[in-house]
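In what follows, a single structure is set out as structure tokens and then discussed.
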Amino acid sequence: MTICPAPLHLRLVLVFSGKRKSGKDFITDRIQERLGRGVCCVLRLSGPLKHQYAQEHGLDLDQLLGPGPYKERYRGDMICWGESRRRQDPGFFCRLATRGALQPVWVVSDARRLSDLTWFKSRFPQQTRTVRVQSSEETRRQRGWSFTAGVDDAESECGLDSGVEFDWIITNEVNAPSLEEQLQPILKLRSRNH
């Protein structure tokens with residue numbers, strides 16, 4: 001694999017991970033709101049995966065991207081298909097997600113595997129920081145989560161549960177410190193790198 005230098009405009013890559021319904025999208029969207037779309041883009045690794053999967057299987061992309069039952073019906077097969085693609089090329093979806101990103105701050109909202117973290121850290125070692133979002137099962141249930149065998153016990157949900165040292169851990173719970181307070185060190189890092 002040839003390592004290309006980071007784009008000159010790139011200052012910071014924040015790679016987020018966490019369980020389903022932990023609040024990753026809520027938090028990453030909040031960061032983008034704070035920094036502005038001209039400075040920060042949110043990259044979703046699942047977007048290119050779903051796009052490619054829909055294209056290859058003749059499915060409705062809009063419904064796959066949504067939160068409804070259509071996506072849930074295909075989730076298990078989509079996970080297997082994605083794993084197969086990653087075995088062939090671990091950076092396949094990361095490259096698709098970052099293609100065309102021109103802002104100086106990239107926020108990856110949904111890293112799920114060690115290969116995702118490894119790709120960003122090896123490709124952009126000076127810019128990449130990792131963030132884990134944690135919420136209790138009870139809180140996640142209140143947000144609509146329920147355990148699904150073959151999904152919640154698969155690598156796509158459990159691949160980063162242990163053996164990873166994150167730069168930050170955000171606790172997304174009612175009784176945790178405010179999200180604003182927890183995001184301060186991350187937002188300050190952006191200022192130092194700008």
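From the backbone N, Cα and C atoms, a Cβ is placed for every residue, glycine too.
A TrEMBL annotation is a machine prediction, not a hand-curated record.
Now, the feature entries from TrEMBL:
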| type | residues | note |
| --- | --- | --- |
| BINDING | K19, R20, K21, S22, G23, K24, D25, R143, Q182 | ATP binding site |
| BINDING | N172 | substrate binding site |
Name the residues of the same chain, 6+ apart in sequence, whose Cβ is under 8 Å from the Cβ of D25 (ATP binding site)?
-> S109, D110
Cα of the residue listed as 'substrate binding site' to Cα of G23 (ATP binding site): how many Å, rounded?
-> 7
Greatest inter-residue Cα distance in Å for the ATP-binding set K19, R20, K21, S22, G23, K24, D25, R143, Q182 | 21
Least crowded of the binding-site residues N172, Q182, counting other Cβ atoms within 10 Å of each Cβ, is Q182
Including all protein chains shown, what's the count of other C-beta atoms within 10 A of the C-beta of G23 (ATP binding site)?
-> 22
What is the Cβ neighbour count of K21 (ATP binding site) at a 10 Å cut-off, with all protein chains included?
-> 19
